[in-house]
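First comes the structure, then the notes that go with it.
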Amino acid sequence: MNYFNKLCFRKRINEIKKCRFMKENEFKNENKILKNKKIVIVGCGSQGLNQALNMRDSGLNISFALKKNSILRKNSSWLNATKNNFEVNDYESLIPNADLVINLTPDKQHENVVKELQKLMKKNSCLGYSHGFNIVECGEIIRKDITVVMVAPKCPGTEVREEFKRGFGVPTLIAVHTENDPKKIGLEIAKAWAFSTGGHRAGVLESSFIAEVKSDLMGEQTILCGLLQTASLICYEKLIKDKHNPSYAAKLIQYGWETITESLKHGGITLMMDRLSNPSKIKAFKISKKIKKILSPLFKKHMDDIISGSFSKEMMIDWHNNDKKLLNWREDTKKTPFEKNILSYSEKISEQEYYDHGTLMVSILKSGIELAFETMINTGIINESAYYESLHELPLIANTIARKKLYEMNIVISDTAEYGSYLFSEAAYPILKDFIMSLEKNVLGLSLPNTKIDNIELYKINEEIRNHPIEIVGKKLRKHMKEMKSICVAK
């Protein structure tokens, strides 16, 4: 049974609102509580491998437990682990001696995996998650002697590693399951784990399993993955309709999201909009308002379905139907004109050109970020959590599109994120397409001409941008991100 739905109303509200930005000195003990402990990660996919690499580099003893069949077949998980010189063995050999077992298998495997793990885990050990779906949406009940914690980096596993190698980290939510903290050491374990992945350098929120799941599902379905996918497909089609070189069009979209969203990391929507010329800023602002009006009902529907549990229920039906919907959506995405275009445009597009020729892309980003944030806080999710799930994680997702378009994004995000992204995109595409196709040519692929500016109008627009609640909380949170590194942009 859905854990969230069985709670009384007041507890639901308290859990969904739980969010506290942790101070730097709360990590002064670093990862001492986990030093010389046996840590076993189950599953060596994107999150499993990249968290393990960071944790090993932070001085921890990490090994991988895989199913016997995976080891015999030498599947991708076995190859990932052995290629990176980790100890690998089956569940029966590693789990009984583990102090901390971290379950990083895909969400749809959790029910069966966790049942197996509980039979093998020693008394008073700890079970870790990086997404609370199994606990919150599936209602998994864990043995009472086991401490259950979560460390949820707010990005795909590949970016957990890349940011760590840059000397930084990714914003991270940590939580202790209220039903499973028998020795009251869950928070210390979660802090040490987050420290070991580098999360403390970017900012850590002490949250709850419920707040993480509900905000995570909303962010990934809408602005982070669903809207990026929808916008990529429609923007490419608009460029082709407006007679642009298909290869230039593909490059502008593929690398444009990464280049433009880099400004979000350093100065939020304000800086992103400031990178535009004044005529482009005014145009982007007005388009953004219209997009918000068009997409607002869809964002609210997704949030409502996430809170009620109906989204999870429908997705789990698809799991039991061999992922029929998900696999069909995946194949359909591969066949889109944007994905099929083979990038051959060899000329460099300057960083500023991505902004000058991407007024529409900036409009879409602004509207999606604000809508996701507003919808979450109107549901009771706290501003800090909504910020991480809407704005700060966005550049990290955009980086994946820059590597191999939507294919890369969809293979590195979680299975729940991929399903939710397709679900949103299927509904958003027809709603948004007619509006975007009706816009003038110079909002995408061309620069807007310099025209006379109404100073009062520009002043009011700047004030509205800078005083949006996401900009206020973002400015506060970014003060803690002193070690943030810029990525290589503009190809």
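Just so you know, glycine gets a Cβ as well, placed from its N, Cα and C.
As annotated by Swiss-Prot, domain 'KARI N-terminal Rossmann' applies to 16-207, with the evidence given as sequence analysis. Feature annotation from Swiss-Prot assigns active site to His131; the stated evidence is sequence analysis. What Swiss-Prot lists as domain 'KARI C-terminal knotted 1' is 208-344, and the listing cites sequence analysis. Residues annotated as Mg(2+) 1 binding site in Swiss-Prot: Asp216, Glu220.
Under DSSP, the residues of the domain 'KARI C-terminal knotted 1' (208-344) split into helix, strand and coil as follows: 117 helix, 0 strand, 20 coil. Rounded to a whole number, the distance between the Cα atoms of Asp216 (Mg(2+) 1 binding site) and the residue listed as 'active site' is 9 Å. Cβ neighbour count for Asp216 (Mg(2+) 1 binding site): 26 (other Cβ atoms within 10 Å of its Cβ, all protein chains included). Other Cβ atoms within 10 Å of the Cβ of Glu220 (Mg(2+) 1 binding site), summed over all protein chains shown, number 25. Just so you know, the Cβ of the residue listed as 'active site' picks up 25 other Cβ atoms within 10 Å once every protein chain is counted.
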